[in-house]
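Working notes, structure below.
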Amino acid sequence: MTVTLNLSRPNSALPGKKRLTGLSVPALKAEMEALGLEPKAANMRARQIRRWIHHFGTTDFAAMTDIAKDLRAQLAEKFEVERPEIADHQVSRDGTQKWLTRYGPGIEGESVYIPDVGKAGALCVSSQVGCTLNCTFCHTGTQALVRNLTAAEIVQQVIIARDALSEWPSSIEERRLTNIVFMGMGEPLYNLDNVAEAIDTISDGDGMAIGRRRITVSTAGVAPKIPELGERTGAMLAISLHATNNDLRNELVPLNRKYDIQTLFDAIRAYPGLGNAKRVTFEYVMLKGINDTLAEARDLVKLMKGVPSKINLIPFNPWPGSPYECSDWETIEEFAEVLNRAGYASPIRTPRGRDILAACGQLRSESVKVRASELRKQQASAEGAES
């Protein structure tokens with residue numbers, strides 16, 4: 001049975017106040033300097049605030065007891081450390097949790113906590129609201145891009161999950177949230193600056209303290225940005241592959257028409273630190289009668305030759321109006337056996353959260369791209385109603 005929880009919080013930052021939740025140390029330092037603090041003092045205060053927000057999960061400046069009382073009052077006057085509004089929170093019968101977070105009028109993104117992944121559990125975060133890639137098997141691909149998420153908005157997804165799991169401070173033992181995967185809405189490499197800044201914040205040892213080796217970024221194949229991702233983040237790399245030849249991949253992943261399979265694999269081989277301790281994960285959705293033959297399994301083995309890698313075989317998760325069916329389980333197992341015999345780990349991903357449309361490829365919000373002038377009107381109307 002699906003359980004829907006009402007965990008709504010006040011919408012957006014308070015009028016006239018800027019939200020500090022999720023900001024990086026450099027961004028916090030800039031805000032402190034804008035208050036008039038000297039650079040050295042601003043840096044110290046930024047690090048203190050970062051620790052309170054991202055290590056302890058604090059939502060009240062009054063609790064930041066190592067900051068002078070008068071400065072705390074000044075901070076409370078100009079800033080706030082609340083969470084963004086949770087428009088919807090659903091819990092699947094298998095323990096998967098999905099949040100629809102509202103960052104502003106018409107700006108909503110989804111994130112999903114998946115138990116029993118990695119050391120304990122993984123949070124699948126979104127990097128954009130909507131997507132430009134139009135992958136034909138993906139529900140997000142049916143939603144036009146609304147906008148990139150900021151670094152702080154990406155980090156806020158992690159904070160919201162930690163709130164729900166009661167995992168503050170970051171130093172507690174036996175955490176249930178140990179891994180972060182950028183496999184939600186959007187193409188992370190089309191928002192690399194914000195993704196890289198978010199990873200810096202998430203992996204900060206004095207903040208959230210989730211190691212970079214426990215953070216995976218998945219791309220549909222923005223080849224020129226792949227080496228840069230490794231250089232800037234040190235994160236693990238995942239490739240949304242799904243086909244072994246250009247004709248089929250052009251259909252399933254239209255980005256392949258711009259960066260074909262050869263170009264993609266050249267970029268993968270240039271990923272910094274690639275080796276047995278840092279393998280690429282290839283994601284391969286199993287589509288009945290489309291890409292699931294044993295010949296294609298053998299072609300996949302040839303394609304991966306010389307690339308330290310593993311393959312996640314993903315049973316297709318249907319969504320309303322989807323044009324595909326999932327491969328038969330026997331077919332998936334036979335496909336995996338070909339890969340296993342060739343020496344590649346090829347786990348079959350257990351579908352999680354299907355009953356709440358939280359499984360791989362099922363994420364989609366109802367946000368649509370609205371003109372900036374219209375958003376301003378909506379914001380003004382909302383603020384007028386509150387006053």
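Every residue, even glycine, has its Cβ placed from backbone N, Cα and C.
The feature active site, proton acceptor is assigned by Swiss-Prot to Glu110.
Residues or ranges marked as active site, S-methylcysteine intermediate by Swiss-Prot: Cys360.
The S-adenosyl-L-methionine binding site annotation in Swiss-Prot covers Gly186, Glu187, Ser218, Ser240, Leu241, His242, Asn317. On its own chain, Ser218 (S-adenosyl-L-methionine binding site) has Val181, Phe182, Met183, Pro188, Ala238, Ile239, Ser240, Thr281, Glu283 as residues at least 6 apart in sequence with a Cβ closer than 8 Å to its own Cβ.
Positions annotated as disulfide bond by Swiss-Prot, on the basis of sequence analysis: Cys124-Cys360. In the three-state DSSP classification, Cys124 (disulfide bond) falls within a strand. In sequence order, Ser111, Val112, Tyr113, Ile114, Val181, Phe182, Met183, Gly184 are the residues near Cys124 (disulfide bond), counting only same-chain partners six or more apart with C-beta under 8 A.
Residues annotated as domain 'Radical SAM core' in Swiss-Prot, with sequence analysis given as evidence: 117-349.
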If I take the alpha carbons of Asn317 (S-adenosyl-L-methionine binding site) and Glu110 (active site, proton acceptor), what is the distance between them in whole Å? 17
